[in-house]
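A.B. asks: Sharing a structure here in structure tokens format.
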């Protein structure tokens, strides 16, 4: 599967020496760090250049996850963002569907899936999409099982996570640090997301919102 990654981002500059370029200069942990850093900076241009030089399938396979035989999710995630940046949506959809990702990557990759779908549709129709257009796209093109468990996502929170947040909110509107860590464990949300949700919910209650 990995050898069929197919990087159509103008790979004409990629040479046989370039395929192992990173693995000769950097160790796997350093390669993962580079990919992870460029992704977090959303530096799509540099990621595109990286994968023009180095075959993404080989690179991800060389950076095997510790304790498993799965390719590095950090490298795969960076590759997906490079595809998004270059507008190669078909390859993005295929690669995302054909590989597996850890649960803590799934929400952001689900968002990337939708953003790619929106961009593809907007490019085809030559017009800006409205909320209704995006809703229809989400219904028509749900994310693959590799990044989505089928649970509905509302305002970037899965319904199961919202239920946990609401349950804790009913018990304590000002959760302690220990309670926030427990919520994070149950929902796989970040502490800052949890803190913001409680803050916004308290504000809605004060103004009479639901």
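Cβ coordinates come from backbone N, Cα and C, glycine included.
Quick paste of what TrEMBL says about this protein:
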| type | residues | note |
| --- | --- | --- |
| DNA_BIND | 158-209 | DNA-binding region |
| DOMAIN | 156-208 | domain 'Homeobox' |
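Neighbours and distances for these, please.
C.D. replies: Summarising model confidence by region, the DNA-binding region (158-209) averages a pLDDT of 87.
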A.B. asks: Report the DSSP secondary-structure composition of the DNA-binding region (158-209) as helix, strand and coil residue counts.
C.D. replies: 40 helix, 1 strand, 11 coil
